[in-house]
Amino acid sequence: MIVCCLTSVMAAVPMYFIPPVALNEKAYPCWYNGTLMCNNSMDNTACHMSSGKCDDETLLCETENPSYCLIQNNETSVVARINSSSQDSVLSATCFEKITDEVYGVTFSLIVLLSILFTASIAPLGSIIDATAVNMLGEERVNDFGKQRLWGAVGFGLVALLTGFLIDMLTGVSCKYGEKNYLFAFVGVAVFMAISVIVCLKLNVPKYKLQSLLSGINILVRNFRIAIFLLVIFVTGFVMGARYAYLFWYIEQLPGSSQTLLGFSILAACLGEIPIFFISGWVAEKIGYNAMLTLGLLILSFQCFLYTLLSVAWPVLLIELLQGIAFGFPMAAMISYASVLAPKGMTATLVGLTQGIYWGLGNMAGSLVAGVLYEQYGPKAMFSINAGIGTVSAFLYFAVVLILDHLKKKENLNEEERCKADDPLNIARLTTEEM
């Protein structure tokens, strides 16, 4: 675990220093329709802008996505035409859109290389930590896993909000380039991973042997109930992977978006997760793990559908409150149910396999397919398709589980009848009755 933490830092921090893509500029004529201060003189053409903001709310440009505008600084005089009859001020300006011919160049290659190294390092951590928690709780307290997992939501939400706020407040937005400085985020990764290394020194982490792990996986996937359980985990990870990869990219394109808003959206999601994790054990006793997995996937699909209805950024805060069920139910259920389904001595193996399929294979496949859909059809179509996949899969899984439960009950009844028939006392009683 310590090696994974250190390797992830070695992969993440250098990303900050990757050179940006070389951009060319294309100029468009614009007209500023905001307020101009002209020294209270209608015939004075030396004016300056009352606001230094450069956005499409105050600029009428021939491009919908300007990178920045060139209207001299708001304290510098600019020439304006004064319409004496209407007392309106019209200011000519130039708007620049940044474009690039580079697609798969040096920047892309370095990001892909470091991302692979980072993902390979960070992916095992979740499964190892969860397996460690289950191991420490023991079989009799496995339903209390959610009460341990909720602290991950607490830390995730608070740090995400703090990071977004500091990026907005300390680095600000460059009006000229529309860029943000994410240095604090990379520093945060290094700091918190260092803290994690110290904590890891105190944990009793389960040890895996490759040979036993591979043979254990072979045994597990031959069990049909375990196989369909892993399949629904894959679908849940698939849909969640698309959300993780492209939700913020989509939200940043909507009016009213900011890093602070994105931080608040993560906080809203975590606030929804905390009570769900806390009551997950009680819910599992009432409705069962399979119902929790199904309900979580349905709510996740509903979230994806709601994303397609957004026209401004702020309602995402309300949608993210559903993340408590969409993420909390499956996460708590998959770990506890894996420990129940696992054959004796294979709990850690199945928990690790479950987490690997969710965070690794599922997330990877979901983000990859979603990227193709996003590029070809746009974000709303991509989220709609994922919503459909999740909804259909949830109902199919629950239907298959009901069929398996029915067959299991029927098999148990038949077994009881055979046991009664083979019981010597019962045989003697039947013989006496016949005589």
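Cβ coordinates come from backbone N, Cα and C, glycine included.
Heads up, TrEMBL stuff is auto-annotated, nobody curated it.
Keep in mind the model is a prediction, meaning the values are calculated, not measured.
According to TrEMBL, the feature transmembrane segment maps to 103-129 (among others).
Here TrEMBL flags 150-170 (among others) as transmembrane segment.
Packing against the transmembrane segment (182-205) from elsewhere in the chain are residues 1-2, 5-6, 8-9, 12-13, 15-16, 128, 132, 135-136, 159, 163, 166-167, 170-171: each is 6 or more residues past its ends and has a CB under 8 Å from a CB in it. TrEMBL lists 182-205 (among others) with the feature transmembrane segment.
Residues or ranges marked as domain 'Major facilitator superfamily (MFS) profile' by TrEMBL: 225-435.
According to TrEMBL, the feature transmembrane segment maps to 226-249 (among others).
Sequence annotations record features per position, and here TrEMBL assigns transmembrane segment to 261-284 (among others).
For 291-310 (among others), the entry in TrEMBL reads transmembrane segment. Sequence-distant contacts of the transmembrane segment (291-310) (same chain, at least 6 residues past either end, Cβ-Cβ under 8 Å): 229, 232-233, 235-236, 239-240, 242-243, 247, 250-251, 254, 280, 283-284, 316, 319, 322-323, 325-330, 332-334, 337, 379-380, 383-384, 386-391, 393-395, 397-398.
Remote same-chain partners of the transmembrane segment (316-338), defined as residues 6 or more beyond its termini with a Cβ less than 8 Å from a stretch Cβ, comprise 130, 133-134, 142-143, 145-146, 149, 153, 229, 233, 236, 240, 247, 251, 261, 264-266, 268-277, 280-281, 283-284, 289-290, 292-293, 295-297, 299-300, 302-303, 306-307, 310, 347, 350-351, 353-355, 358. Annotation comment: TrEMBL describes 316-338 (among others) as transmembrane segment.
The feature transmembrane segment is assigned by TrEMBL to 350-373 (among others).
Positions annotated as transmembrane segment by TrEMBL: 385-404 (among others). A Cβ distance under 8 Å defines the sequence-distant neighbours of the transmembrane segment (385-404), meaning residues of its chain 6+ beyond its ends; these are 224-225, 228, 231-232, 235-236, 238-239, 242-243, 290-291, 293-294, 297-298, 300-302, 304-305, 308, 366, 370, 373.
Only sequence-distant pairs (6 or more apart) were considered; of these, fewer than three Cβ pairs between the transmembrane segment (103-129) and the transmembrane segment (226-249) are under 8 A, so the stretches are not in contact. The highest tally of CB pairs under 8 A with the transmembrane segment (150-170), across 226-249, 261-284, 350-373, is held by 261-284.
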